[in-house]
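For reference, Swiss-Prot has these:
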- 19-197: domain 'Guanylate kinase-like' (DOMAIN)
- 26, 27, 28, 29, 30, 31, 32, 33: ATP binding site (BINDING)
């Protein structure tokens, strides 16, 4: 009997013939970006994160072309006019969108695409094309409030508005394929990784 040696649960041949789109969504401050970076670090040959387009200004430490493609409102409108965006959303006064060309670019590399996007965007994509939707949730509303406060990126009325929006987002969790409670980062990552491995081996016939 021939032995099959498996160094990775992800098959390059399977990724090339059957590339998938994963969407990961969560209220602000829950840890979705950190979890995706952990996944990319361990399985860089299997996955790549899509780079969204946004009109908002870069935050401290963000790198244009790596974290986001930062554009003006006029440039964003031109993308809409050309129907270049698979999905887009207007959120807190700024626009965010995902380009189908960006997803296809990742697929052409023989990798699965991972889009870390707003909940509205994830549900819209799900209605238009096959995708695996994952929702990252906080362990409690109190913990969500604490994490939002610790971010320090919003103050006063902005933080209140962000919290109210986050509570609305939590109510949409049951519309996703998977829900992960991020109470412990390492445990949440183990669950996330198991989902990706299971989806890699899902029978699509």
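Placement of Cβ uses the backbone N, Cα and C atoms for every residue, glycine included.
Feature map: Swiss-Prot annotations on the structure.
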{"residue": "26", "record": "ATP binding site", "contacts (Cβ under 8 Å, 6+ apart)": "32, 135, 136, 137, 169, 182"}
{"residue": "27", "record": "ATP binding site", "contacts (Cβ under 8 Å, 6+ apart)": "137, 138, 144, 165, 166, 167, 169, 170"}
{"residue": "30", "record": "ATP binding site", "contacts (Cβ under 8 Å, 6+ apart)": "136, 137, 138, 144, 147, 182"}
{"residue": "31", "record": "ATP binding site", "contacts (Cβ under 8 Å, 6+ apart)": "136, 182, 185, 188"}
{"residue": "33", "record": "ATP binding site", "contacts (Cβ under 8 Å, 6+ apart)": "116"}
I'd like the Cβ neighbour count for residue 32 (ATP binding site), meaning other Cβ atoms within 10 Å of its Cβ, all protein chains included. 22
According to DSSP, does residue 31 (ATP binding site) sit in a helix, a strand, or coil? coil
So what pLDDT does the domain 'Guanylate kinase-like' (19-197) average out to? 90
